[in-house]
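> One structure coming up, written as structure tokens, with questions to follow.
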4 protein chains.
Amino acid sequence: MSLPAPLTGVIPPVCTPLDPDGEVDVASLLRLVDHLVAAGVDGLFLLGTTSEAAFLTDGQRRRVVEAVTGHLGGQLPVLAGAIDMTTPRVLEHIASVTAAGADAVVVISPFYARLGPAETARHFRLAAAASPVPVLAYDLPSAIPTKLSADLVVQLASDGVLAGLKDSSGDLAGFRDVVTGTRHLPGFSALTGSELLVDAALALGGHGAVPGLANVDPDGYVRLDRLCRAGRREEARAVQERLCALYGLVHAGAGRVGAGSSALGAFKAALHLRGVIACPATAEPQVPLSPAEVAEVRRHLVEAGLL
Amino acid sequence: MSLPAPLTGVIPPVCTPLDPDGEVDVASLLRLVDHLVAAGVDGLFLLGTTSEAAFLTDGQRRRVVEAVTGHLGGQLPVLAGAIDMTTPRVLEHIASVTAAGADAVVVISPFYARLGPAETARHFRLAAAASPVPVLAYDLPSAIPTKLSADLVVQLASDGVLAGLKDSSGDLAGFRDVVTGTRHLPGFSALTGSELLVDAALALGGHGAVPGLANVDPDGYVRLDRLCRAGRREEARAVQERLCALYGLVHAGAGRVGAGSSALGAFKAALHLRGVIACPATAEPQVPLSPAEVAEVRRHLVEAGLL
Amino acid sequence: MSLPAPLTGVIPPVCTPLDPDGEVDVASLLRLVDHLVAAGVDGLFLLGTTSEAAFLTDGQRRRVVEAVTGHLGGQLPVLAGAIDMTTPRVLEHIASVTAAGADAVVVISPFYARLGPAETARHFRLAAAASPVPVLAYDLPSAIPTKLSADLVVQLASDGVLAGLKDSSGDLAGFRDVVTGTRHLPGFSALTGSELLVDAALALGGHGAVPGLANVDPDGYVRLDRLCRAGRREEARAVQERLCALYGLVHAGAGRVGAGSSALGAFKAALHLRGVIACPATAEPQVPLSPAEVAEVRRHLVEAGLL
Amino acid sequence: MSLPAPLTGVIPPVCTPLDPDGEVDVASLLRLVDHLVAAGVDGLFLLGTTSEAAFLTDGQRRRVVEAVTGHLGGQLPVLAGAIDMTTPRVLEHIASVTAAGADAVVVISPFYARLGPAETARHFRLAAAASPVPVLAYDLPSAIPTKLSADLVVQLASDGVLAGLKDSSGDLAGFRDVVTGTRHLPGFSALTGSELLVDAALALGGHGAVPGLANVDPDGYVRLDRLCRAGRREEARAVQERLCALYGLVHAGAGRVGAGSSALGAFKAALHLRGVIACPATAEPQVPLSPAEVAEVRRHLVEAGLL
């Protein structure tokens, strides 16, 4: 299917369930997809950071996209990440995920190689030139050493290179600059990757949200999105605050393991506790959550009425 | 061949010559290898940061190692980088480069995924368990968000996980901690990745150097290493200072392009000017040096007596 | 007067006009105060970052507070910064500004000295114990190497140490955590220091705003605040976006001078162009804006209808 | 006395003993000075970071300098820090410490105020213009957000603004750039602030060292310096490694308190254990070391043969 322009609503970055051997558990993946679709989400984002794309081999990445697009049959737009260090590898990922049926690709700035804005711009231009589907930029300065500037995003959007932005920077003022700077481009999708500021991001003109926590509580985010769209802001704020409290589960392993291990482990533990996926394993070299940490995740689910 | 323990001397991180289409130029690569061997280097490090490993596809990486090991026929130890974001991909690279004949692998901490020291340790343990050849750690905090601590390196060395360290952190005090902390492990190789502090690193007990600039002036670094070993420290210092001045060429593109683009572009421009490689192209999305910037590289070569 | 609890509305961080010799220009300062009061602001914050407190001598700091409190005669609450590296100096500033009539003090985490959360907590406790007036914390991670965590702010608020927070971190999710975490403390004031997200900060429960740009356009911020309070959110958003565009003036000197020099120089140039202050000089070692940069400031004022 | 040009040898940054009320303990300070002088140090640096200058009031700072210069009577050169956020306060400190007898002042880049290289250069030029004695720059990027570039130091040295550099950056390659870049300026003093790389810094041409640990073991650093000067490099390395092991005491409080609190607390605990100062208190808001942490300091002293 072709990507809505702009893309709106809730587009969860889908976790990638693994079996105890580290292989993609396709049955669990499709159950997770059904769980999201049933909640009324507006699209799916595969192979993002929350999907553990950085841990998956090329074969596993392809398997994920094929399984989901085959299962959905065009029912919802499917975005797929093409996360890698530099252009040549990103082009390989773009070719692979679009062959597997992705309706759009999400591309991050080059990293590892100490490049500057000139190279970043060139990277997105090459990606867009090679991609048969729209390209969205991905801003995630907690993962890579660089922040994507609003000016560059607006320039690339104006040049027809970028069809959208997934902003996971936490910098809402920069997101606002993109929103106002692209308002004259009606098809551009400004998406927030924040779990905690969806109401604020939509209020200032953002089109949608890509919150990792939507794996755990898709109904909550869909309700939040619908309340925002209806202008029922006080109710939206209450739902958002409930989700902020639930989000505390990502810190279950804090202090003992890295922030990424903790958050991904907690999302999967929650999906396992809720009966959506068969096994809470995360990819190597992540350290599994301890029983006490899983109990902490459970406590958050119970408090949020999800268990 | 088996890796000397410890590995000593000059082990250049070998540039990967590309043709104008971005493909590996094997003929130029082997000329570059001959140029380094003729200067008397003590080993070669393929697929490092200087080799543009972050830009090469899996097929290109494999081609580089096969070409060089086939050409050398065991004449010198060959190390190969297994640079990627997380363990699963690193294990694939290890399998590939060792199948292609590498005598040791060089592994960086996981990046992108916000992991902590526990996960980093697990990453190296899994890499060592899977590798048929010795594993060296690679510390490069200018490329990834984390610094590898001396304590962790010493622990992993003591446990037999790490056979050595390539320290490109610029933190000579930390390198010293590794050197003194592993002195009871006679086979451990403490290598500096600095171009600018080889004399200092060897004086405090380091075993060897992996300087990117050795592509451009391997004779200079071999001379420096030999003078250091002979205890002729004043002469060594003079040679080191000459190399520090030459190193200024990496800033040829500074301000206009990223630091990585500038340095890699300058190394390749220098190799091209010296007649070693056929084409100075760097991989996408790097921005080529301008004619004025290439002239600046040439000026450095002339001043250093290399042209 | 005693500080409203919570403090609401617009509380500009007042610029400190200087004469060409670097001395406080009291006449201009009082004209600026009148200009702000006339616009209907709800309080004044003296000796903040925007006030160039980091550049003022102890004598100059005291003169500023005395002049303003004397002039206002209790008409509006006056907050004063006690910005310095560590507790002993901060206590001196607290004593000085409260003797001069400040109704509350604003204290930043210790900096320069590589302290941790334990020392930061102790710092605020000692400040509160020594202060005859309420203490607000100041979070400004662009100026000092540390971010004040929401957890610590909430803890100190619950313990009666902190009466409020001025959050200039740009991290609206963290601000939200403070807002929800202190909701059970009815007197606590959660103030945003952002120029660009006042509507969003108030919508999620913030009490007021301390935007540097309110020196230049106090009417704009007062209008924005009133629209937000009235729930007229679309109109508020339009006013906020107009102020975001005006805020572009802070980049007038970007690239040539530091971000601080550029912003403070631009605020003062704007106040000078609007006829409020006699001289646009900033304190040493800041580099004055060039005529072309001042013209850029003027352009922003004209576009915003302020000239 | 006039400052030697260049200044060579060991110039400890002198701790500032405090009594339990936080006042300067002059008797202990002078005992500490005698302890250093007896060991044969070549100068003293007062009011540096190790001296807790960031915690001292103006009155305390002046008292320290007066006490020491009065006590020494010109026996050794006395440098004094003028550490503060911006130029106006730094000029006040320069006036104060030179009136109190300092033979040179040590000035850090402006901080807190987000200034750039242009403002930093202006800051040092204004400081030098106002100072009756030579000005040395202080590079301490662990305390402030900016690194002083070698290029700027060399430029300011060539212009006669800077008489020297105290480099506490840990970046030995940058220090080398300053050393070689100022070799044509015979009076320029290139001093390392590292405890751990004194042998390396002197070997590459540095003139002296300003190690905080020299408070604890001045004999060790004087011996190290003399061995380096005599070209007895293997013996020097052994002494340096012994001092590196002793330096481990700075981590006594690591994990519980900030790095600064831990290091300063450990230096003072060691001086107290060695009987040099009457009280190990550090300034507020630093958290005192626990008995177990003091025992860890003691263990290091015993192992180093200092107790």
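Any Cβ shown, glycine's included, is placed from N, Cα and C.
All TrEMBL annotations are machine predictions without curation.
Keep in mind it's a predicted model, so treat the numbers as computed, not measured.
For reference, TrEMBL lists these features for the protein:
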type: ACT_SITE; residues: D:TYR138; note: active site, proton donor/acceptor
type: ACT_SITE; residues: D:LYS166; note: active site, schiff-base intermediate with substrate
type: BINDING; residues: D:THR50, D:VAL210; note: pyruvate binding site
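Each of these features: where is it, how hidden is it, and who are its neighbours?
Within 10 Å of the C-beta of D:TYR138 (active site, proton donor/acceptor) we count 28 further C-beta atoms, all protein chains included. Taken residue by residue with DSSP, D:TYR138 (active site, proton donor/acceptor) is part of a strand.
Every protein chain shown contributes to the tally, and the Cβ of D:LYS166 (active site, schiff-base intermediate with substrate) ends up with 29 other Cβ atoms within 10 Å.
In the shown protein chains, 25 other C-beta atoms lie within 10 A of the C-beta of D:THR50 (pyruvate binding site).
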> In angstrom units, rounded to an integer, how far apart are the Cα atoms of D:THR50 (pyruvate binding site) and D:TYR138 (active site, proton donor/acceptor)?
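D:THR50 (pyruvate binding site) and D:TYR138 (active site, proton donor/acceptor) have their Cα atoms 13 Å apart.
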> Taking Cβ atoms only, which of the recorded positions D:THR50, D:TYR138, D:LYS166, D:VAL210 fall under 8 Å from chain A?
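So none of them sit by chain A.
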> Once the DSSP letters are reduced so that anything not helix or strand counts as coil, what is D:LYS166 (active site, schiff-base intermediate with substrate)?
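Once the DSSP labels are grouped into three classes, D:LYS166 (active site, schiff-base intermediate with substrate) ends up as strand.
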> Measuring CB to CB from D:VAL210 (pyruvate binding site), give everything in the same chain under 8 Å that is also at least six residues away in sequence.
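Counting only residues 6 or more apart in sequence, the Cβ neighbours of D:VAL210 (pyruvate binding site) under 8 Å are D:ILE11, D:PRO12, D:PRO13, D:PHE45, D:GLY48, D:LYS166, D:SER168, D:LEU191, D:THR192, D:GLY193.
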> Does DSSP give D:VAL210 (pyruvate binding site) helix, strand or coil?
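Coil, per DSSP.
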